[in-house]
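Record features, source Swiss-Prot:
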type	residues	note
REGION	1-53	region 'Disordered'
COMPBIAS	11-31	compositional bias 'Polar residues'
TRANSMEM	76-92	transmembrane segment
DOMAIN	114-275	domain 'TNase-like'
ACT_SITE	R163	active site
BINDING	D168	Ca(2+) binding site
ACT_SITE	E171	active site
ACT_SITE	R211	active site
Amino acid sequence: MKWLFWASPPQDDSNSNSGAASQVKCRNNENVDVPAPSNAAPPSDRTISKVQSSSRDWNSIVNATDWKQFTEPRTIIPTALVTGGILLCVHIHRKYLRRIPEAGHISPSFFRRRSLLGKVTSVGDGDNFRMYHTPGGKLGGWEWWRKVPTGKNELKNRTIHVRLAGVDAPELPHFGRPAQPFSQEAHSWLTNYILGRRVRAHLYRPDQYGRVVATVYVRRWLFFRQDVGLQMLKHGLATVYEAKTGVEFGGVELERQYREAEACAKKKGKGMWKALKGGTKGEWESPREYKTRMAAEEGQKKNARGITRKK
C-alpha cells in the first residue's frame, strides 16, 4: 500500500544481492552480462613470491652453478685421495685382516700363496693342533685390544685344524686303537713347544679329515723362527711322512732338510730311534707301518664278522 506513509520503500535488488551478475544495456539496446566483483582478498606479496619461486626455471639454477670449482686440482686431488684410501682400507681388510674361523672357510686362492698367523689353543696329537686365527697380529689389535678366547664353548667352531706337513708322529690311542710307543712323548713335546704361542702356517692343501696341511713356524728366541716339523725330526719324535699319495713337504729344499734331519736323529739314536739303535729292529715300528698294520687288522676283523653273520 504505497499511500501509507510508514510503508518501507522497495529495496534495490542490486544491493541485496551484491554477488549476483548484473546486466548493462548497450546503445543498441542489447543487454550484456557483467560478472560481479569477487569478494576474495587480493593475493599477498608472500603468495606471489612463492608462486614465482616454484615456477623458477631449474635450468637457470644449474647454469648458475659454478662447476669449474669441481674440476680444479685442489678439489679433484683430495677427493681422489680420500676415495682411494677408503677403497684400499676395504681391500686390506678383506684380504689380510678378515678372520677365518675354520679350515673349511679358507679360500682355495690361499693355498701355496698365503700364510695364516694364529695362536695355538690345543694340541690333539703329535703332528696336528688347532689354532685361533689372529690376522694382523699385534698390529691388528690382538693381545692388547682384541683377546683370544680360552673357553671350550667360545672356541667351538672357531679354530683351524692344522696338520704338520712332511712329518708323521707316533699315534696316540684313539678309534679303539692302542697307543704307539713314544706317542705320549711326541705329544708332550709338541704341546710344550707351541701351545699358547703364536705360529705362522704356510698353507698347502686341505686333507680328507677336514684339516689344512701346512708348514708351521714358531718364534722361540727373539726374531729367529723355527720350523716345528723340522724340530720334531731333529729330536727323533717324528719320521718323514711316507705315503703313496698326498705327500706334502712344501718344496724340494724342505724335503731335503727333513730327510737329513731324520737321518741325523736316526744315527744318534734320538727319541723313537732308540729302539732301532739298540738292535731291536723287530720291535721298532714307524707311524706309517703302525697305521698299515692297524688297518689290516681292522679289515680282518670286519671280514671275520661278515663270515660269522653268514653262518
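Cβ atoms are placed via backbone N, Cα and C, with glycine included.
Here the features listed in Swiss-Prot are painted onto the structure.
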{"residue": "R163", "record": "active site", "DSSP (3 states)": "strand"}
{"residue": "D168", "record": "Ca(2+) binding site", "DSSP (3 states)": "strand"}
{"residue": "R211", "record": "active site", "DSSP (3 states)": "coil"}
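When other Cβ atoms within 10 Å of the Cβ of D168 (Ca(2+) binding site) are tallied across all protein chains shown, the result is 22.
Local packing around the Cβ, expressed as the count of other Cβ atoms within 10 angstroms, is greatest for R163 among the active-site residues R163, R211. Sequence-distant neighbours of E171 (active site) (same chain, 6+ residues apart, CB-CB distance under 8 A): D125, G126, R177, A179, Q180, S183, P287, Y290, K291. For the pair R163 (active site) and R211 (active site), the C-alpha distance works out to 6 angstrom. For the pair formed by the residue listed as 'Ca(2+) binding site' and R211 (active site), distance between Cα atoms is given as 15 Å, rounded to the nearest Å.
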